[in-house]
Amino acid sequence: MLIHPQFDPVAIHLGPLAIRWYGLMYLAGFIMFLWFGRLRIRQPHVAARGWTTRDLDDMLFFGVLGVILGGRLGYVLFYKPSYYLSHPMEIFKVWEGGMAFHGGFLGVVVAMWLFGRLRRRHWMEVTDFIAPMIPCGLAAGRIGNFINGELWGRATDLPWGMIFPQAGDNIPRHPSQLYQFAGEGVALFVILWLFARKPRPMGAVSGVFLIGYGAFRFAAEFAREPDNFLGLLALKLSMGQWLSLPMILAGIAMVIWAYRRQPGAGAPQPAA
């Protein structure tokens, strides 16, 4: 049995300014996105499509806005709509926590669609480009969750079960944040990076991301404690699982569509 180390959520104190670990993890995710993005631009089939470091920097700006706005609105709408309906001003207090990946994902899709319109690229060409780097941010975010001692798992008697004092019950639990780090972060990154090393039909890389994330998240939710204000929903599945199922189905549909359409695996596509 292990005990959560109880990290101080504030990593650095600079006078009245407190820099939190969770914010540093977001920063680490953005840095890894840029670093691996520059490596991706050097791949011959990617360079042939005219991607530049300026595109990458601009995509990060659009993506950050999509993550923050979509993640916050997703949390409000998917998890606590009644609370925020009664306390609308609380929606703007992003620094107090409360982000949802599925909302952030939708926000990024919209942001990449807008970016594609500005660059005259099809939105799926844009999402195909960024998909292999997204797990970097997911991995960093899950480490942030672990440092904060939040989003802990369900009770377990396994040797690596961990007591999270914030849970308030002194029961060993799955360190589900680390499971998600390993699945949604490390494993998904490896799968996507290897898959995207060769030219693929437009939409295929994005589809594999949807399938991979949805599957890893769906599996991890069996070890993660359901949100106490929601519990388990129909068929004893969590909200995270119900939101992941459409992602898996959409990903399968995109991969099938991409390979049936076969526009020429590496050919640039017109803007939509």
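Including glycine, each Cβ sits where the backbone N, Cα and C put it.
In Swiss-Prot this protein carries:
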TRANSMEM  17-37  transmembrane segment
TRANSMEM  59-79  transmembrane segment
TRANSMEM  95-115  transmembrane segment
TRANSMEM  129-149  transmembrane segment
TRANSMEM  176-196  transmembrane segment
TRANSMEM  202-222  transmembrane segment
TRANSMEM  237-257  transmembrane segment
With pairs closer than 6 in sequence left out, are the transmembrane segment (129-149) and the transmembrane segment (17-37) joined by 3 or more CB pairs under 8 Å?
yes
Between the stretches 59-79, 95-115, 129-149, 202-222, 237-257, which wins on the count of C-beta pairs under 8 angstroms to the transmembrane segment (176-196)?
129-149
